[in-house]
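According to TrEMBL, the features are:
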- 1-26: signal peptide (SIGNAL)
- 28-301: domain 'Plant heme peroxidase family profile' (DOMAIN)
- Cys38-Cys87: disulfide bond (DISULFID)
- Arg65: site 'Transition state stabilizer' (SITE)
- Cys93-Cys297: disulfide bond (DISULFID)
- Pro134: substrate binding site (BINDING)
- Cys171-Cys204: disulfide bond (DISULFID)
Amino acid sequence: MESSRLIQTSHLVFLLLALSVSYVHCQATRVGFYSKTCPRAESIVRSTVQTHFRSNPTVAPGLLRMHFHDCFVQVIDDAKTQLEAACPGVVSCADILALAARDSVVLTNGPNWQVPTGRRDGRVSLAADTTNLPGFTDSIDVQKQKFSDKGLNAQDLVTLVGGHTIGTSACQFFRYRLYNFTTTGNGADPSINPSFLPQLQALCPQNGDTTRRVELDTGSQNRFDASFFSNLRNGRGVLESDQMLWTDSSTKTLVQRFLGVRGLLGLSFNVEFGRSMVKMSNIGVKSSNEGEIRKVCSTINGL
């Protein structure tokens, strides 16, 4: 069952926290880290993700957003089992996650990028740090501060939230926007397009199932593309924190640049997403004498 805080994350920005990877600037990751010690590492992860994706496409957004449902765990565990058979004690779980996230984007027609590897897994749990993840009601200022604390800027925020182009959210995380949000008008969040409101209300009735899943990028939930930003422009963002990217002037310009608005320097979502993912993953890594290579991804060695 997904925890509420993990469902609330804006994107993959703290993917590595799931494996307790704390950061220091002692050793840089690099593309091809396993080229000699485990040359099939990336292909093993890729083929494992592909296999699970064919049977359940929700694996892709699950990997991208740290949704710890059964398929997600099984993908990582399957890859780890194969890697331990091929190269015992060599490939970290943190690197498996980083590679699997990239591969999941590719499988949904998104961009490909080179993933620097060489991370080590932490020896202690940092589960409490998930309280520092962006929440679905956080203001843009709060979201930007949380990103800044991890070395990421406003453009990284907008870019990585764009990862919501694939996947879904449960009604419980946005239904409050649909009913009694205000005491005027129709009672809904005024940033919701009035023509979109009945659609959301039909999917999430006021006293309905709070666990029902709704696509975050209406009309394009299984395809990685920039339509998510078009939906924000049109008042069709599902999460309040997502729609704020358009209503807040400090991030609206960045959304417009992804949309190619005339008079602004355009941004390529595919290019920038890969760059921001690499930037996030290279904030820093454990030095060679810190951390460990876990034998089982969900458990610290020796437990």
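Cβ atoms are placed via backbone N, Cα and C, with glycine included.
Cys38 (disulfide bond) sits 18 Å from Cys297 (disulfide bond), taking the CA atoms of both as reference points.
The two recorded residues, Cys297 (disulfide bond) and the residue listed as 'substrate binding site', show a Cα separation of 25 Å.
Taking Cα separation as the measure, Cys171 (disulfide bond) is nearest to Pro134 of the recorded positions Cys87, Cys93, Pro134. Each of the disulfide-bonded residues Cys93, Cys204 was scored by the number of other CB atoms within 10 A of its CB, and the lowest score belongs to Cys204. Around the Cβ of Cys38 (disulfide bond), a 10 Å sphere holds 19 further Cβ atoms from the protein chains shown. On the 0 to 100 pLDDT scale, the domain 'Plant heme peroxidase family profile' (28-301) averages 90 in this prediction.
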